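Engineer: OK, TrEMBL features for this one:
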type	residues	note
TRANSMEM	52-72	transmembrane segment
TRANSMEM	78-100	transmembrane segment
TRANSMEM	139-158	transmembrane segment
TRANSMEM	165-185	transmembrane segment
TRANSMEM	197-219	transmembrane segment
REGION	448-467	region 'Disordered'
COMPBIAS	448-458	compositional bias 'Polar residues'
Amino acid sequence: MTIVVENQAEVAECGCFLNAWLWFKQLVKNFMVKVVDNAISAKKLGKEDPRIIVHSLKVGFAITLVSLFYYFEPKFEYQGFGVSAMWAVLTVVVVFEFTVGATLGRAVNRAIATFLGASVAGGIHRLACFSGSKTIEPILLGFFLFLIVAVVTYLRFLPKLKARYDYGVLVFILTFSLVSVSGYHDKQVLEMAETRITTILIGCDIAVLVCIFICPVWAGQQLHDKISSNFEKIGSFLEVFGTDYLNTSSGEASEQKTSDLEGYKSVLNSKTAEEVLANFARWEPRHGKFRYRHPWGRYLEIGGIARDCAFRIHALNDYLNYETQVEQEIRTKIQEPCKKVSTECGHVLKELALAMKTMTYPHTITIHIDNAKIAAENLKTLLHTNSSWEGINFSDVIPMATVASLLIEIVSSSVKMVESFDKLATSARFKKTNQLAPVRVRTNSWKTRVTPDQPSTESVHHDVAGE
C-alpha cells in the first residue's frame, strides 16, 4: 500500500513538471513568433518608406554628436557646464522630428521658451530678494509662481497659440518653475539660467543642422504631394465609376479597378494630417520650388473642397452594387449624361493632380469643365422631363435620381476646386508653359442652359493663367 502511494506521488510530481515544461516551451514559442512577426513588420516598414531608416540614423548621429561634448568635457570650453550638459542630449531627443518643419518649430519653441522662462524666473527671484526678509521672499516667489503659471496655462487654450506654440508654452512653464524653485536655495540663479539656455541652444542647433543638411524631409513637400494624391484618387474613382457602374454590361473587377474605387477613402480622414503638415510647413525655410511665405493656407482650402467631394463620392459608392431590373431600365435612359459627367470630372481632377505635381497651369481643363457642366445641365433637364418616367414607379426612380443628383453636386465641387487651384497657382507663382491654354471657369454656367456654341452670358470668367 505504501509503495502505491509513493508511485502516485511521483506520477503527480512528474505530471506537474511536464505541464510546467510544456507551458514554458509554448511561452518561448509564442515569444519567438512575435519576434519574427515584428521583424517582418519592421522590414516591410523600411521597404515601404526608406526615409524612416534614414531618420533613425540621423537621430542616432545627432545624439552621438552632442554627447561628445559631455564625454570629452575637459578638452572643451564646455567644462563649466558639468551635469547641465545632459540638457543638450535631452533637447535633441525631444526636438528631433521626422520633418524639417516639425524639428525647426520645436527647436524655436524650446529655445525661445527656455530663454523667456529663465529670464522671467531670474527677474522674479531678483524682485523677491529686494524685500530683504527671509519670511516675505518665499511668499512672493510662491505668489508669482502661481500667478504666472496659471495665466500662461490659460493662454494655452487660445486656438492660434495652441496650434503653433503649445510646446513652447509647456517648456516655458517647466523652465520657469524649475529655475524659480531651485533658485530659492541656490543664489547662483543667473549662472544656472545661463547654463540651461546655452546647453539647450547647443542641442537645438545640432538637431536642426542635422535635420536640414542630411537627407531632409520637408513637410511642405509632403503636403503638396498629399493634395496632388487626393486629386488623383478622386479622379480615378470618377473615371472608373463612369465606365463601370454606368455601363449596362458588367465585367469582372480587376485589382487595379478595385484599388481605384477604394482609394478615395483615405481622403475622407485627411483633415488632421493636412493641418499638421501645413503648420509644420510654415516653419520651414525656402526650399526647392517652395519660396518663403508660400501660401500653405491655400492647400488647406483645396483639401477641404476635395474632402467635400470625397464625401459625395462615398455616398455614390453605395450604389455600385445596387441594381434591380427596373433600376437597370432607368439606368439606360440617363446613362450617357451620367457617364459624361463622371468621366469629365475625373479628367478635371486628374489634370489638376498633374498640374499640382509639376507646379504648372493646366492645359485643357477648360474643355473638360465645360463638357461636365453641359452634361450636368442635360442630366437635370432629363430628370425634370415627365415623359422619361412614364410607367415607372416613383420609388424605383429614387436610386438613379440620387446618383444623378450627387454627380451634379460633384460638378459643382470640381468647379470650386479649379477656382481654388487658380488662387493657389497665382499666389505660388506656378510656371506658365508655352502650350498653355487659358483656363476660364464659368461658376454659374452649369445652373443655366448651356450649349457648346452658345455659352451663358451670366458666366463669370476667371483666367487661371493670368496675364
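FYI, residue positions are counted from 1 along the chain as it appears here.
Glycine is no exception: its Cβ is also placed from the backbone N, Cα and C atoms.
Curation does not apply to TrEMBL; its annotations are automatic.
I'm curious about the neighbourhood of these features; can you describe it?
Structural biologist: With a cut-off of 8 Å between Cβ atoms, the residues of this chain six or more beyond the transmembrane segment (139-158) that come close are 120, 124-125, 127-128, 131, 166, 169-170, 172-173, 176-177, 180-181, 184.
Same-chain residues lying 6+ beyond the ends of the transmembrane segment (165-185) with a Cβ under 8 Å from its Cβ atoms: 105-106, 108-110, 112-114, 116-118, 120-122, 124-125, 137-138, 141, 144-145, 148-149, 152-153, 155-156, 192-193, 196.
Only residues 6 or more beyond the boundaries of the transmembrane segment (197-219), in the same chain, are considered here, and those with a CB under 8 A from a CB of the stretch are 51, 54-55, 58, 61-62, 65-66, 69, 81, 84-92, 95-104, 107-108, 110-111, 114-115, 118, 277, 280-281, 283-284, 287-288, 290.
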